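Engineer: Below are the features I grabbed from Swiss-Prot:
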type	residues	note
BINDING	27, 207, 237, 241	Zn(2+) binding site
MOTIF	29-39	motif ''HIGH' region'
MOTIF	269-273	motif ''KMSKS' region'
BINDING	272	ATP binding site
C-alpha cells in the first residue's frame, strides 16, 4: 500500500506503527453551518482510504472530530439567540444526515471538542511549564514558535501574507505564534472555568488533544499513523498541531499526512467568503447521494475537482453500467475476469488511484457484458459475479442498491403506480395488435423521462435524467 505523504511530498509505502492496524485522524467540520461539497469530498476521500485499508487486511480505527467551540459558532449562536450547544447540535445532525446519504461509513469515534477541555488545559499547562507558551496582558496564551526548530517543516510556509491570516496581536513575540487559550472577554463571549482562568481553547489545541486522547500510541516516535484533512487545513492548522505536539510531548503527531484537493465551482475555489458554497443538502435535492458520491470520488483525491453538472451526468453513466450488469446477472449469468478484485484493489493501494481503478471497473463491465451476450444461459459463475459486484460496493461505496430502485430514483409511489398502469394498458394494446396505441403510450412516457424496455420476463422501466 502506497500513500502520498504531504510532508515528504512523495508517495511512500504505508508502514503502520502497529502491524496490521491503522490509526487515522480526520479533521472534521466546524459546526456553524451546513456541510458543503468540500466537506463531502474530504469525507469521501478518506472513506475510500479506510475501505481500501480494510480490504487490504488492516484493522482501521478512524476518528473524525466535530469542532463545536469556535468564534464562528459563538457569533452565529449570538445572532440567532441560541446557545453554542444548541447551534452546534443542529449542524452535527445535518452533517451526519448528509454523510449517511453519501454512504460514508460511520467513524470509529466522533469526539466533540467540548468533551475534551481537561485534556486541552493539561496540554497548555505542560507548554507553560516548559516555558514554550506565554501569556499576554489580556489573559490569552500563545505558543512561542521560535522554540520549535522544525516549525514550518510540514507546510513549508513562511509567508507574512499567510501569517496575516492568523491575526496580529501587539504582544505576540512572533507573527506566527498562535493562540492556545482565549481568555473570557465578558458579555457575548463564551468561557469555561479552568486552572488557566475562565476562557476557551484555540482551534489548533483542540485537535491535538483529541488525537492524544482517542488514538495516541505510547512508546512510539509518532502518536498516530495518518492525520488527514482538506488542503486548506495544511497551514496554519496542521502545521500548528504538529508544532504544539512536538513541543508538549517530544514526539511527532503523525507518521503520515494526507490532504485532499479543493472543490471549485465554475473554476473558482469554493468558499463562503466568495458566496459560492454549494451545500450537500441542496445537491441531494437534485441527485441521489450515491450519484453524488460516484461523481466526487471520480477525480483523484489530491487533484482539484471542478464541480459542474455536465460532468456529474457523464459520471452517472458509469454507475448505470454497474447497475445494468447487476440487473443482468441477477437473472442471466456469464463469466468475469477472475483477477478483477486483485487488480482494482491494487489500483486503490497506489495512493487511492481511483482513475485507474475506474478504468479496471469499466473494462470488467464491458467484458462481462460481452460474455453475457455470447452465453446468456450460463449460470455457473453467478456467485463469482455477484461477489465481484459486492467488492465494488465495499471498496468504492457504490452499487449497493437494488437495480430497480436505482433506475427508478426520484419517482414517487403514486407515479410508479401510474407507470405500471400505462405498461399494462400498452400490453393490452399489443395483444389487440393496436401497435399505434402501444407506441403512443411509449412516447407519452418518454416525454416524462420514463424509458420502457421489453424483456423475456416482461416490460421493465427506468427513469432517465
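Just so you know, glycine gets a Cβ as well, placed from its N, Cα and C.
Remember, it's a predicted structure, so these values are computed and weren't measured experimentally.
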Engineer: Helix, strand, coil residue numbers for the motif ''HIGH' region' (29-39) per DSSP?
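Structural biologist: Per DSSP, the residues of the motif ''HIGH' region' (29-39) fall into 3 helix, 2 strand, 6 coil.
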Engineer: Out of these binding-site residues, 27, 207, which one has the fewest other C-beta atoms within 10 Å of its own C-beta?
Structural biologist: 27
Engineer: Mind giving me a neighbour count for residue 241 (Zn(2+) binding site)? Other Cβ atoms within 10 Å of its Cβ, every protein chain shown.
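Structural biologist: That number is 27.
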Engineer: Under DSSP, is residue 241 (Zn(2+) binding site) helix, strand or coil?
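Structural biologist: The three-state answer is helix.
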Engineer: Translate the DSSP assignment of residue 207 (Zn(2+) binding site) into the three-state scheme.
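Structural biologist: Its secondary structure by DSSP: helix.
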Engineer: Which residues, sitting 6 or more apart from residue 237 (Zn(2+) binding site) on the same chain, put a CB under 8 Å from its CB?
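Structural biologist: Same-chain residues close to residue 237 (Zn(2+) binding site) (Cβ under 8 Å, separated by 6 or more) are 27, 203, 204, 207, 229.
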Engineer: Between 0 and 100, where does the mean pLDDT of the motif ''KMSKS' region' (269-273) sit?
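Structural biologist: Mean pLDDT across the motif ''KMSKS' region' (269-273) comes out at 73.
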Engineer: List the other residues in this chain whose Cβ sits within 8 Å of the Cβ centroid of the Zn(2+) site residues 27, 207, 237, 241, in sequence order.
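Structural biologist: Near the Zn(2+) site, beyond 27, 207, 237, 241, sit 203, 204, 206, 208, 227, 229, 233, 238, 240.
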Engineer: Where does residue 27 (Zn(2+) binding site) sit by DSSP, helix, strand or coil?
Structural biologist: coil
